[in-house]
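Undergrad: Right, I'll just put the structure down here and ask away after.
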Amino acid sequence: MNFLVLAARALVFGFYKDVFDFKIRVLSSILLDFPGLLFFSTYTLLVLFWAEIYRQARNLSTDKLRLSFFVINVLIYVLQIIIWISEWLNYNAVTLAFARVFFAVISCVAAVGFLLYGGRLFLMLRRFPLESKARRRKLREVGSVTAICFLCFIIRTAVVTTAMFNEAVDLDILDHPLLNLIYYLVVEILPSALVLFILRKLPPKRGASQYRPIR
């Protein structure tokens, strides 16, 4: 999924001028917004993974977590498609503002998800004895990834929210190619690279029965 996000964003950068030359404005919006939606799904999948670990360790049910993840993502994609259709039918300031509000909300939800479950998992891991090198590494991994992902989503929320009140802050316009690159470097490319580097050592697969509840 990281590959798809970055490949889609690379295509947008590679054909930067062509993206804004479409006569149908909604096509530009789709090319600009779709990588961001994939980015959201990719990292909320990590939140789901952490939520399952946390709840299994607490001997709590995880039955509804995956269903909730799929329902939320399907709902978000359906709403985004409705927004694109609205922009196609009548591209104006109202539809543009609604699209920005929508993107700010889902970015904020992702940031809260990381803070909630990443923070809980971090605090839970701190309760284990840290003399083991593997445990210390895992604690650093969870703490670092939580901080990186929370910051990238909260920065995106702040920028998109500011753009609703100040047109000069909107980076997805032809006049700001360098600022656009810096923005996506900070909120997508660099966080993806850091997360992949931090989580480069994959843990062995475990069944639910192998997680011991914490009392």
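A Cβ is built for glycine as well, from the same backbone N, Cα and C atoms used for every other residue.
Pulled from TrEMBL, these are the listed features:
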type	residues	note
DOMAIN	1-215	domain 'THH1/TOM1/TOM3'
TRANSMEM	30-53	transmembrane segment
TRANSMEM	65-85	transmembrane segment
TRANSMEM	97-118	transmembrane segment
TRANSMEM	139-161	transmembrane segment
TRANSMEM	181-199	transmembrane segment
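I'd like to know what surrounds each of these features in this structure.
TA: Beyond its flanks by at least six residues, the transmembrane segment (65-85) meets 26, 29-30, 33, 37, 40-41, 44-45, 48, 51-52, 55, 95, 98-99, 102, 106 of its own chain at Cβ-Cβ distances under 8 Å.
The list of residues near the transmembrane segment (139-161) in space but at least 6 beyond its ends in sequence, with Cβ under 8 angstroms from a Cβ of it, reads 36, 43, 46, 50, 100, 103-104, 107-108, 110-111, 114-115, 118-119, 121-122, 125-126, 130, 169, 171, 183, 186-188, 190-191, 194-195, 198-199.
Same-chain neighbours of the transmembrane segment (181-199): 2, 5-6, 9, 13, 35-36, 39, 43, 46, 141, 144-145, 148-149, 151-153, 155-156, 159, 171, counting only residues six or more beyond its ends whose CB sits under 8 Å from a CB of the stretch.
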Undergrad: Same chain only, please: residues at least 6 beyond the ends of the transmembrane segment (97-118) with a C-beta under 8 Å from a C-beta of the stretch. Say none if there are none.
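TA: Answer is 29, 33, 36, 40, 43-44, 47, 50-51, 54, 76, 79-80, 83, 86-87, 142, 145-146, 149-150, 153-154, 156-157, 160-161, 163-164.
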